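Data first, discussion second: the structure below is written as structure tokens.
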Amino acid sequence: MKVLGIESSCDETGVAVYDTALSGVPALRAHAVYSQIALHAEYGGVVPELASRDHVRKLLPLIRQTLGEAGVGIDELDGVAYTAGPGLVGALLVGAGVARSLAWALDVPAIGVHHMEGHLLAPLMEDDPPEPPFVALLVSGGHTQLVSVKALGSYEVLGETLDDAAGEAFDKTAKMMGLPYPGGPQLAALAETGTPGRYRFARPMTDRPGLDFSFSGLKTQVLLAWRSSDQSDTTRADIARGFEDAVVDTLVIKCLRALDAAECNTLVVAGGVGVNKRLRARLQEAAQRRGGRVCFPRPALCTDNGAMIAFAGALRLQAGERADAAVHVTPRWDMAALPPLAAGRDSGVEIREW
């Protein structure tokens, strides 16, 4: 089954072709992402209307490019998957409209995919994928969640942020220290040059039971430290290091608690913040100490992309799910409300190849 995946939930246009007749890395026949960073840089953040208009301009050319790179004719597609939420409503509607129109024209099924389920399942596209049960840390600019995955499609949210997501805290902290947009990656790179321990900030909500997160207070603490400092380049790097250490420590502590709570020893990490080098290293060290395993997708599949949508959509199409003819999106969507997969990779149920 060859599935076209379309991602347009925010400021990146992603397209991919996933082939269920293959497995591991080769199953992803091709994928491409167009980033709108340059478009939004002068505003210091994503402008929803501009994002939607740019998806309109870029989506069809990107589909043609990706099909060409995959060596797949448009009439060879067996299904179309698209991000149906959560995300910016206008941006979502662009992808959904193109996907539903294409599926109708080709007379193939379409399926709307939950954006965060796509992230969660992304590590399963790699060689030697993790098998449920496992705990997933979904950490991005819009979400920070710990999810218990008992089976594919069966999700229980164990904890989530009560305010800012981790990626959002990175971006906002970078902006208030004068770093260019997008700030999160810039701050992480700067932290590599900072002195560990010169600035030590709180590890929010780690001094009490529970698996929820809160990063707004940490952000304020960093702001006060920055305002009272000499604001030199050296101090900026040291504060960046202190902030990153605080976020990473918090995420690691909560992940270990979640593994204990779920009585599980496999951790999956996905989402844009999953590319952070210090977070990856610390989680790998923690997993080794407890004799467990931590799984990441390749960095290109941590940020928003069409590959994760094609893969998640393929699993749900194979399970018999279909979207109706209406173009419907859900800007706010609880992943725990998703129907379980009746069939899917590593689910113990035989998959029907198309």
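Every residue, even glycine, has its Cβ placed from backbone N, Cα and C.
The Fe cation binding site feature in Swiss-Prot is assigned to His115, His119, Asp304. Among the features that Swiss-Prot reports, substrate binding site is placed at Leu138, Val139, Ser140, Gly141, Gly142, Asp171, Gly184, Asn276.
Cβ neighbour counts within 10 Å, taken over all protein chains shown, single out His119 as the most crowded of the binding-site residues His115, His119. Comparing local CB density within 10 A for the binding-site residues Asp171, Asp304, the maximum falls on Asp304. Neighbour density for Val139 (substrate binding site): within 10 A of its CB lie 27 other CB atoms from the protein chains shown.
Cβ neighbour counts within 10 Å, taken over all protein chains shown, single out Gly184 as the most crowded of the binding-site residues Gly141, Gly142, Gly184.
If you count neighbouring Cβ atoms within 10 Å for each of the binding-site residues Ser140, Asn276, the highest count belongs to Asn276. The secondary structure of Val139 (substrate binding site), as reduced to three states from DSSP, is extended strand. Counting in whole angstrom, Ser140 (substrate binding site) lies 9 from Asp304 (Fe cation binding site) by their C-alpha atoms.
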